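Over in TrEMBL, the protein carries these features:
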ACT_SITE  Asp21  active site
BINDING   Asp21, Glu208  Mg(2+) binding site
BINDING   22-26, Arg34, His38, 66-68, Trp70, Arg72, Arg189, 195-197  substrate binding site
ACT_SITE  Asn69  active site, proton acceptor
Amino acid sequence: MPSAPPPLPSALPRHVAIIMDGNGRWAQQRRRPRMIGHRAGARAVNRTIDRCLELGIPALTLFAFSSENWGRPDDEVQALMKLFLHALDREVDELHRRGVRVRFIGERERFGASLVSRMQLAEQRTVDNTAMTLSIAASYGGRQDIARAARTLAQEVAAGRLLPEQIDEDLLGSHVALADIPAPDLFIRTGGDTRISNFLLWQLAYTELWFTDVLWPDFDTDQLQRALDTYAGRERRFGLTSAQIAALATETSSP
Ligand code: IPE
Ligand code: IPE
Ligand code: MG
């Protein structure tokens with residue numbers, strides 16, 4: 001099967017995905033408990049959402065809590081759950097007012113009932129909003145995401161509704177998280193580590209990656225602009241040659 005054509009080159013990403021890392025170290029540098037860093041991180045989340053809305057970026061996905069983060073000390077996990085709960089109570093009205101559609105990806109059943117119902121409410125309330133799709137990855141793991149998609153397809157095969165030979169990239173890709181929006185164009189990771197940490201493994205196949213040493217609580221509009229500028233200057237080839245990409249660009253820009 002031929003692979004999908006490369007998306008039209010655009011200076012502004014249609015979808016930005018961020019690993020917001022470095023909250024703990026930010027607090028430790030100040031000799032404060034890690035939780036202070038997570039709180040400062042929540043302020044950086046607001047700044048980033050505001051800026052993406054101003055810029056007209058249609059989709060933003062934030063890695064808030066990984067499936068592996070459950071292994072952190074109990075007191076940190078509990079405090080993070082409290083922070084998520086408060087942030088949802090505090091922010092959803094404003095996000096709704098600004099036309100943001102809020103969604104959660106990940107194994108939400110692992111959260112407590114009060115958090116799960118808050119997530120559902122936020123999703124239901126904002127479902128028709130179109131200014132931006134904000135996806136929060138919580139209890140999310142890329143491997144778990146792919147495994148879950150594979151399980152769904154296996155169930156279809158077992159029920160006789162699908163043939164194994166009908167399973168291809170498009171079908172599997174339509175069962176992973178965020179399948180209804182374009183894959184991320186730009187990935188940002190703060191905190192100085194240059195790894196994916198089990199974020200959107202499938203979805204990041206051709207995403208442009210950008211890393212910064214800046215710790216997440218210090219991430220601001222200047223930092224975001226640096227990432228966007230770097231992105232705008234990248235040549236995305238999707239396996240083709242530079243010449244082919246240049247020819248495609250002229251084709252699509254000619255009347
Ligand atoms: C990211 O910051 C937030 C979560 C994983 C919840 P960290 O808590 O990982 O901060 P560092 O990496 O320890 O500094
Ligand atoms: C990735 O950060 C997960 C989130 C930001 C939510 P981690 O701090 O968990 O990643 P590692 O452990 O450095 O790979
Ligand atoms: Mg970290």
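Indices start at 1 and increase along the chain as displayed.
Backbone N, Cα and C atoms are what each Cβ position is placed from, and that goes for glycine too.
Computed from a predicted structure; not experimentally measured.
Cβ neighbours of Gly22 (substrate binding site) (same chain, under 8 Å, six or more residues apart in sequence): Gly37, Thr190, Gly191, Gly192, Val214, Leu215, Trp216, Pro217.
Taken residue by residue with DSSP, Gly22 (substrate binding site) is part of neither helix nor strand, so it is coil.
Counting other C-beta atoms within 10 Å of each candidate's C-beta, the binding-site residues Trp26, Trp70 are led by Trp26. Checked against ligand 1, the recorded positions Asp21, Gly24, Asn69, Arg189, Glu208 give Asp21, Gly24, Asn69 in sequence order as having a Cβ less than 6 Å away from one of its atoms. Here the Cα atom of Glu208 (Mg(2+) binding site) is found 11 Å from that of Arg189 (substrate binding site). When secondary structure is read from DSSP and collapsed to three states, Trp70 (substrate binding site) falls in the helix class. Between the CA atoms of Arg189 (substrate binding site) and Asn69 (active site, proton acceptor) there is a gap of 16 Å. Comparing the residue listed as 'active site' with Ser67 (substrate binding site), their Cα atoms are 15 Å apart once rounded. Within 10 Å of the C-beta of Glu208 (Mg(2+) binding site) we count 18 further C-beta atoms, all protein chains included. Distance noted between the C-alpha atoms of Trp26 (substrate binding site) and the residue listed as 'active site, proton acceptor' is 18 Å.
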